[in-house]
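What Swiss-Prot records for 287 is active site, proton donor, and it gives sequence analysis as the kind of evidence. According to Swiss-Prot, the Mn(2+) binding site annotation covers 172, 238. Taken from Swiss-Prot, the feature prenylated FMN binding site applies to 175, 176, 177, 189, 190, 191, 194, 195.
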């Protein structure tokens, strides 16, 4: 099932008991965060606050608060089915040459589908039903959440930022938080390696001193939103990828103030520009690490136009110590990464980003080990293959007899198959998340790899331990007589 706009997805969630409407007045200042956090930790539904205090616009929260809802947004019922998305991405990133004529013929539909999914431009889009310019532009009229007591100001969190570099044929879609600075100003917090910042840097180089057009879409359809946070191949637009997932082309329209294309079904569109000479101090804000981050200077986004649907819905979230919505999104997208990594490294059995590791700061990988040093090769590959893992600080590699998603198994492997000196890899001066205050220098720190695999000849001179395993025939016999033993086989045993 596909969803052409946010409202159809809301209806689907409500019909399936995955969305709760809250009519009681709730303040976007702190109160929404506390409610959303409690509900998310209880694995509860998405929330639609129908009467935000001092605002007339409803607020949608916890939309992707469970892996199941992320899967539902992509037309799947089970998060494990998201591996199909990963298979598609793996194919698009590095299509294998056909093994013969029949194989070539079988690949034609996928190539044809990929080529036939450019966005579709529509007229009279829903996102431009209401247009505000000049003095009518007032961002304070939006029910922007003030998430934590130490936050400096309200924060736009789910804004889909649309940019284009002067040397690129396609637009970039990225999600960057934006601090409310005034009635028509936001601070655009994009890190230097992100697509929007790279586009801006290219523009400044080619057109020094000129204003850079930017558009932010709020409340787009769920597939387009998720397309902006998946590892789409560089040559493919997020709009085209969203169309592939949806099975039909993404509908877009031209912005009113520039040539950028925006999702036509979005609830709210913010249009404007960034003056290369206007910067402002951003933060502090409570972040996905569970701490308030340091302040830093980022470009100011001046909003010249606000367009929206009639009776728009404001889509929002909060970030904090896991579990939070980004962590749940990470759990779901974990299944997307597995086929992509396996495509490059077939020896990988499974890959896990523990949500308590702030979505990406720790990874655990199980492999079918084939030679000495194999675990270290996989570590280096994981750090370098996808840019999503350039900030991963810790990688643990285990054998295929260890469940990399079970901490009991992983800790057992670390404590029995590792020598701290021999099996620990330390790399200095690597890219680190700017929000990581534990690194000695902002944006630069070290990485650690833990080889918790069984060691082979060349890695050790000692006789290696053999795991204890019960005789299968004995296990089978005990299974057959278990009910007669009168033992409660509850999980507490």
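Cβ from N, Cα, C; glycine included.
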Using Cα positions only, nearest of the binding-site residues to the residue listed as 'active site, proton donor' (172, 177, 189, 195): 177
Euclidean distance between Cα atoms of residue 238 (Mn(2+) binding site) and residue 189 (prenylated FMN binding site), Å: 20
Alpha-carbon distance [residue 238 (Mn(2+) binding site); residue 177 (prenylated FMN binding site)] in Å: 19
Environment of 175, 176, 177, 189, 190, 191, 194, 195, the listed prenylated FMN site - residues of the same chain whose CB lies within 8 A of the CB centroid: 161, 174, 188, 196, 197
Residues that sit under 8 angstroms from residue 190 (prenylated FMN binding site) by C-beta distance, when 6+ apart in the chain: 161, 174, 176, 196, 197, 200, 298, 299
Nonlocal neighbours by CB distance (under 8 Å) for residue 175 (prenylated FMN binding site), same chain, sequence gap 6 or more: 158, 159, 160, 161, 225, 228, 229
Prenylated FMN site span - longest C-alpha distance across 175, 176, 177, 189, 190, 191, 194, 195, in Å: 14
Neighbour count (Cβ, 10 Å) for residue 238 (Mn(2+) binding site): 27
Spatial separation of residue 194 (prenylated FMN binding site) from residue 238 (Mn(2+) binding site) - C-alpha basis, Å: 14
Candidate binding-site residues 191, 194, 195, pick with smallest Cα gap to residue 172 (Mn(2+) binding site): 195
